[in-house]
Amino acid sequence: SVGFKAGVKEYKLTYYTPXXXAKDTDILAAFXVTPQPGVPPEEAGXXVAAESSTGTWTTVWTDGLTSLDRXKGXCYHIEPVIGEKDQYICYVAYPLDLFEEGSVTNMFTSIVGNVFGFKALRALRLEDLRIPVAYVKTFQGPPHGIQVERDKLNKYGRPLLGCTIKPKLGLSAKNYGRAVYECLRGGLDFTKDDENVNSQPFMRWRDRFLFCAEALYKAQAETGEIKGHYLNATAGTCEEMIKRAVFARELGVPIVMHDYLTGGFTANTSLAHYCRDNGLLLHIHRAMHAVIDRQKNHGMHFRVLRKALRLSGGDHIHSGTVVGKLEGEREITLGFVDLLRDDFIEKDRSRGIYFTQDWVSLPGVIPVASGGIHVWHMPALTEIFGDDSVLQFGGGTLGHPWGNAPGAVANRVALEACVQARNEGRDLAREGNAIIREASKWSPELAAACEVWKEIKFEFAAMDTLD
């Protein structure tokens, strides 16, 4: 018979290759696969490899016109998930030829574009990706990175402080600018547009940019420190987004902001390129991430979105807090914080890292801890996130009983006290509360903040636990 045999054949015959070893240039993926009852794991794993690379549901004549073995994804290892019935980690290797250079959009379209609706699987979650050096080098990555940001801001040896301006919707541009000024004047490094502040009827973007720039320069003149406000450039079209970034550059502000998941990777990469060319820092908000990453058995883990952002480009990204109101289990959070900041990260399953990742010369991204945190959390945050981080207190600044500026003062005093205590060799984890109490003796603003928030805790079990 001729080589071509029509009909449906099992995926595992072609796409399950337990003997093969992955190449250094392959993109590797770890999927948590939950097959439908009766579907063997080898078939499910091979189905994922096939549907996310060269396969389709039946043998096609045109397969003969190419070398499938050269271009197909292959499932090279399967292991059961400990403690879960009928769940497996399937490791898939994709040849580099399958992907367009420098395109996160294409990488995701290939790897997660189609296969998640596949009928033979009850659920599917992409847990981790290993991006090979050969592919990493096709991306610009973050516009500036951690060291360049510190040099631009002239701030060293401590975490940076931020604050999201609230109420997030409804303020006029002038009142918004006033809140920005008060926070920066009180001692914060950054203030932030909320992710859904774009250009609404009650406050158009240009007015907001102007009033925020004015607030920034006034606070800079009075404090002698460089200040920033994350001007949200996210818009309905790429052209409009770039127009807003251009205006921010003309105002001479240091940083703009983008919602990278709702805005999309193509828009984000364009903005990152613009930011590097024009000396703007880029703050990234992860709005919509929980739609993708919150379910334990389906979707995509945040560490994958994290790696994608480092390729696409951003200087800051929100990372959960470990201690506030939004999720983040400590070891897992620290695992992906390292993936953001370090050049080389070893495989470590206890922190959810499935592959060793080498970022070579791609700049790092600063993790932003934000959501339900206040002065009492400061020692823990300083201890967990270290110096290369932004600690963002929205309500924890603006909720101060005396107003915004005293709220900012309280946070800055608490931070400086924690950094000093750490540098003196004290144990922040154990002595944290004592350090804050001591500092509040000579800062009435901090004392008032300690009064208001002494009892608040958001105690729920984290959804994202290690198996």
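Yeah, the Cβs are placed from backbone N, Cα and C, and that goes for glycine too.
Binding site for substrate per Swiss-Prot: N114, T164, K168, R286, H318, plus S370 from the candidate set S53, S370, S389. DSSP assigns H285 (active site, proton acceptor) to a strand segment in the three-state reduction.
Rounded to a whole value, the Cα-Cα separation of E195 (Mg(2+) binding site) and H285 (active site, proton acceptor) is 7 Å. Of all the binding-site residues given, namely D194, E195, the one with the smallest number of surrounding CB atoms inside 10 A is D194. Counted within 10 Å of its Cβ, the other Cβ atoms near K166 (active site, proton acceptor) come to 16, all protein chains included. The least crowded of the recorded positions K5, K168, K192, H285, H318, judged by other CB atoms within 10 A of its own CB, is K5.
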